[in-house]
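Participant: Just passing along the structure, written as structure tokens.
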Amino acid sequence: MKEAGILFEELVSIMEKLRSPEGCEWDRKQTHESLKPYLIEECYELIEAIDEKNDDMMKEELGDVLLQVVFHAQIARERGAFTIEDVIRTLNEKLIRRHPHVFGDSPGYSYKQWEDIKAQEKGKKKSSRIGEINPLVPALSMARRIQENASQVGFDWKDPEGVYEKIEEELKELKEAKDPRELEEEFGDLLFSIVNLSRFLNVDPESALRKATRKFVERFKKMEELIEKDGLVLEELPIEKLDEYWEKAKGGDET
């Protein structure tokens, strides 16, 4: 742990140097706003490394995310807002405060206690147990979080069968929808129910959809290779022929 502290101090010093007049022009120009796309990108690259179970890649991407934390803290320090020490101190205090069953005299963990503590931190009256909608969080993840919050207070299906039935009901309503407004609403209800099912199956919907999309892209590229190998042009083939090549590409997945 002592070495980690030394290395972290070195990282902070490196960032200070990069932001100094003698440092890097690009780093000096960055602001909280200009760094937002990089923060999002690094987080998704870390998620990709986790999905691929690639430890070397995960190690590197965790470092890139940490860099973003140090970068923003340095910019804030220059503005006189807060320092990296403030960031760490605030985090430490929050972790201890939110785990009284570990660091205090509380007998055990409870969801209600967790929510009460969070409400006290925000200095306001208790908010709804269902949580708030964050427009910046991906829709699938937000739906999953809201459903988990509802489940914590007992508002949930007893088993997956109820969710399967709900999906069939929503699909039927989608087929019967007429105008664009109805279609959007019913499609949203169907997606919400599918995300609900993901909870019961212990499947992360974002990860599952990301993997399915990646699989589709890889198969499509394989199909393109097979078509080109046969001296044909993809755009000129009828759908029936494309389906044949698609099946061949799928077969290649299993080899």
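Placed from the backbone N, Cα and C atoms, the Cβ positions cover glycine too.
Pasting the feature list from Swiss-Prot:
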BINDING   Gly162, Val163, Tyr164, Glu165, Lys166, Glu169, Glu182, Leu183, Glu184, Glu185, Asp189  ATP 1 binding site
BINDING   Glu169, Glu186, Asp189  Mg(2+) binding site
BINDING   Lys215, Phe216, Val217, Glu218, Arg219, Trp246  ATP 2 binding site
Participant: For Trp246 (ATP 2 binding site), what residues in its own chain, 6 or more apart in sequence, show a Cβ-Cβ distance under 8 Å?
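Facilitator: Non-local contacts for Trp246 (ATP 2 binding site): Arg219, Met223.
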Participant: What same-chain residues, at least 6 away in sequence, bring their CB to under 8 Å of the CB of Asp189 (ATP 1 binding site)?
Facilitator: Glu170, Glu173, Leu174
Participant: Other Cβ atoms within 10 Å is the metric here; tell me which of the binding-site residues Glu169, Glu184, Glu186 scores highest.
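Facilitator: Neighbour-count leader: Glu186.
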Participant: Going along the chain, which residues six or more apart from Lys166 (ATP 1 binding site) have their CB under 8 A from its CB?
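Facilitator: Within the chain, Lys166 (ATP 1 binding site) has Cβ neighbours under 8 Å at Trp157, Ser193, Asn196.
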Participant: Which one, from the binding-site residues Tyr164, Phe216, has the smallest tally of other C-beta atoms lying within 10 Å of its C-beta?
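Facilitator: Each of the binding-site residues Tyr164, Phe216 was scored by Cβ atoms within 10 Å; lowest is Phe216.
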Participant: Within 10 Å of each Cβ, count the other Cβ atoms, then let me know which of the binding-site residues Lys215, Arg219 comes out lowest.
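Facilitator: Sparsest of the binding-site residues Lys215, Arg219 by Cβ contacts within 10 Å: Lys215.
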